[in-house]
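S.K.: In case it helps, TrEMBL gives these features for our protein:
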DOMAIN    B:158-217  domain 'Protein translocase subunit SecDF P1'
DOMAIN    B:244-347  domain 'SecDF P1 head subdomain'
DOMAIN    B:349-519  domain 'Protein export membrane protein SecD/SecF C-terminal'
TRANSMEM  B:7-28  transmembrane segment
TRANSMEM  B:365-386  transmembrane segment
TRANSMEM  B:393-413  transmembrane segment
TRANSMEM  B:419-440  transmembrane segment
TRANSMEM  B:461-486  transmembrane segment
TRANSMEM  B:492-520  transmembrane segment
Amino acid sequence: MAAWPLIRLIPRSTHYRFVRWAPVAAIFSLILIVGSGVSFFTQGLNLGIDFKGGVALEARMPTAIDLDELRKVAKSTGAHDVQVQGFGSANSAMIRFLPTEGVNANVEANRIKTEIIAKFPGMTMPAPTVIGAKVSGELLLGGFKALGIALLLMLGYIWFRFQWQFAVGAVVAVFHDIILTLGILSVMQIEFSMTSVAALLTVIGYSMNEKVITFDRLKENLRKYKTTPLRDIIDLSENERLSRTIITGSTALLALGGTMIFGGPVLFPLVFTMVFGIAIGTYSSIYIALPLILVWGVKRGDEEAKPVKLGAASQP
Amino acid sequence: MLSLSRWKIVLVTLSVIFGIVFTLPNLLPQKTLDALPGWVPKQKLNLGLDLQGGSYLLYEVDTAQLRKERLDNLVEDVRNTLRTAGIDFNGLAQANGVIGVRIDDASKVNAAVTELRKLGSPLASGVGTDVNVATRADQRIELTFSPDAARADASKAVDQSIETIRRRIDSLGTKEPTITRQGADRIVIQAAGESDPERLKAVIGKTAKLTFQMVDETVTPEEMASGRMPPGTVMVPSGDGYAPAYALKKRAVVSGEELVDAQQAFDGQSGRPVVSFRFNGSGSKKFGDATARNIGKRFAIVLDNKVISAPTIQTPILGGSGQITGNFTVESASELSLLLRSGALPAQLNIEEQRTVGAELGADAVRAGAISLAIGAAAMFVFIILAYGLFGVFAALALVANVLLIVGIMSFSQATLTFPGIAGLILTLAVAVDANVLIYERMRDEAAAGRSPMSAADTGYKLALVSILDANITSLISAGIMFSFGSGPVKGFAWTLAIGVFTSLFTAIIITQVLIGWWFKAAKPKKLPIA
């Protein structure tokens, strides 16, 4: 039977020395984490009205909207903290503002709507979205609570299934993924909404998947090769899982790629986060979660394996 | 494992049939669907508001205001009770939920306590009453609502509000809105297809609290101007255009709760639109007594703390029916009668969240979602078949079955499919592919290790299962968390993800196993096609 092209394309057995590059990867990750932190604390996340509260008005026109002009008009209505941005196509835009304290948000939204439409003949605005400050605070808190609890439960599960070193490695790697994902959302100023929390949880889920599946192989190999140095077993396990990682990662990216292009502006932040998360989750499995296990060593059979210093090659 | 046990074949066949039968209604036009006999499943996917268009409104019942109102009423009750009993008092006031009063005559404190205890109504638990009466030093008596009573009050107010809102919306003719309670004091209203929530809000937002109160004729124009009212009297702004405000007795003679009917009608003499109403038995009696006692005086009809009109009582109104005159148009009169018929909201509702998706935008979203789903699935098919050839075809068939099952289960269970849910669906498919990849890679490993094809395939399934289960359990954990903490679309996403975990496990493991088992039986291969 003739071999299929892709089977030949992806090498059957590889011998990459992943762990050797772990220190380099660690520095690389550290730089990215610092960068994410800087962006996070200087410009912050572009919080959507789910978390910030306020009013969002969508404007649609049969022709292209002059965003600068719209921004000027929207500001002249006296609304607070006005933001105007393009939304999907040139013919639509999103206007967001915070309601004046003590004034009914709906009444104000309708006033601003009327004032803007008066300046732009042909413009239509569907009903506004209004999120009260109370609800938005609860949503944000709930979102972070969900993230925290999900992480704790997964930590517990991995601890139960493997050893605590694995659990710590996985959780550090997943934190790394979360920080970098939030970082890129902050750098690119992609809107962070309730669905972004869902995306983030999915990223965590996928990233954990990657880790668990490699851990599984590692656990098996630890039993199989009792005397081989830990770092070699880690390399071996990663190599053995490589073709699977490539195939699964590519199918996931292919599947989401279609949605990123054709899903429209509403779905874009969600899918972008997931695509980025899949890439970063794969990277952190290989270069962070598993090499981290080396720092503490693992239990093999009855005796504790000795911790190995990172960076010192045990094999020529 | 690869043995084709009968139960596996039956299970696979049944599940695929289930998937097809329950997915089909989504693909057939409504007309064909209507023509089918009654026993055929016709439930379509329950699309979320973000996909079909509609309005989502989250209201919060103002329980603080409700409590304040109850306390205010209790202060009036205390005043009336003590006066009726002939007990002199001073310093009647309410602060931080505690009503305090000082009895002038020390010997009458006990009598006062006995009288005031009667103000409480029994609690639902049957033990004690909702008002606690306690004596303090210096002849003071303090009254408080028990915490249970406050909670029960708030809860009752939310239930009552939901009922009232339902009656109001029903009379609007909006298509099947769902009105649900959320948490302790919130109400969620979802109206599919209603892309202009203003009409909804107009009828929901009005408290429609109607009271009939006597005008306090002893208040002088000077007192009116300065705004200083005698105890038991309040100044209420006017909506009738005759006077800026009226001084009214705080205690209502009758309230709207005792109305049994209200209709828009025309006044017999002037021909102007009015609202005619009818009281129930006790309301009729109260109204009759009050009007009989106060002939020649004025009473005010107050709606939402605004005086609609303040006519002079000409004759006692004994029949229990009357009419409200005011500056009405036919529309405003019928709106008011609708509000009165459906009853007052026990407390004010504050809008906390409003989301609307236009029907057109919803249709766009469905189209975009369907296209991206199709492209994603197609890309996966091509890739997996390229990667694994014949076994890839099996995996692709399992994927198709997976989609059918998810859509089937979601239609059957009427779970809501949201926009993020579509993304969840795509991710589910990707993870389902992962299960097959894990199995096939295992087979290759085992074949490379020198096992016979049959044994390699068998072991592949066995060993991969552990990893697959581990991976899916972590997915299920995050789905569970999202479901319990998320709201709206996120919940939908989590639900889709959770259903997907189970269908993926089933299709990726069992269905491919049956297919590969058949193939082994038919082809008797000497070598694994993926080795």
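Keep in mind that glycine also has a Cβ here, set from the backbone N, Cα and C atoms.
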S.K.: Per the 3+ Cβ pairs under 8 Å rule, pairs at least 6 apart in sequence, do the transmembrane segment (B:7-28) and the transmembrane segment (B:492-520) touch?
M.R.: yes
S.K.: Kindly say whether the transmembrane segment (B:365-386) and the transmembrane segment (B:419-440) touch, using the definition of 3 or more Cβ pairs under 8 Å where each pair is 6 or more positions apart.
M.R.: yes
S.K.: Over the domain 'Protein translocase subunit SecDF P1' (B:158-217), what is the model's mean pLDDT?
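M.R.: Summarising the domain 'Protein translocase subunit SecDF P1' (B:158-217) by its mean pLDDT gives 81.
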S.K.: Counting by DSSP secondary structure, give me helix, strand and coil numbers for the domain 'SecDF P1 head subdomain' (B:244-347).
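M.R.: The breakdown for the domain 'SecDF P1 head subdomain' (B:244-347) reads 29 helix, 37 strand, 38 coil.
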S.K.: Grab the same-chain neighbours of the transmembrane segment (B:492-520) for me: Cβ-Cβ under 8 Å, and only residues 6 or more beyond its ends, written as numbers and ranges.
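M.R.: Cβ under 8 Å, 6 or more out: 1-4, 8-9, 11-12, 15-16, 48, 390-391, 394-395, 397-399, 401-402, 405-406, 409-410, 415-418, 420-425, 427-429, 431-433, 435-436, 439, 453-454, 457, 461, 465, 468-469, 472, 475-476, 478-483, 486.
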S.K.: Reported in the order helix, strand, coil, what are the DSSP residue counts of the domain 'Protein translocase subunit SecDF P1' (B:158-217)?
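M.R.: DSSP classes over the domain 'Protein translocase subunit SecDF P1' (B:158-217) add up to 23 helix, 18 strand, 19 coil.
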S.K.: Using a Cβ cut-off of under 8 Å, list the residues of the same chain at least 6 residues beyond the transmembrane segment (B:419-440) that approach it.
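M.R.: Same-chain residues near the transmembrane segment (B:419-440) but 6 or more away: 48, 50-51, 365, 369, 372-373, 376-377, 380, 384, 387-388, 391, 395, 398-399, 402-403, 406, 460-461, 464, 467-468, 471-472, 475, 489-490, 492-497, 500-501, 503-505, 507-509, 512, 530.
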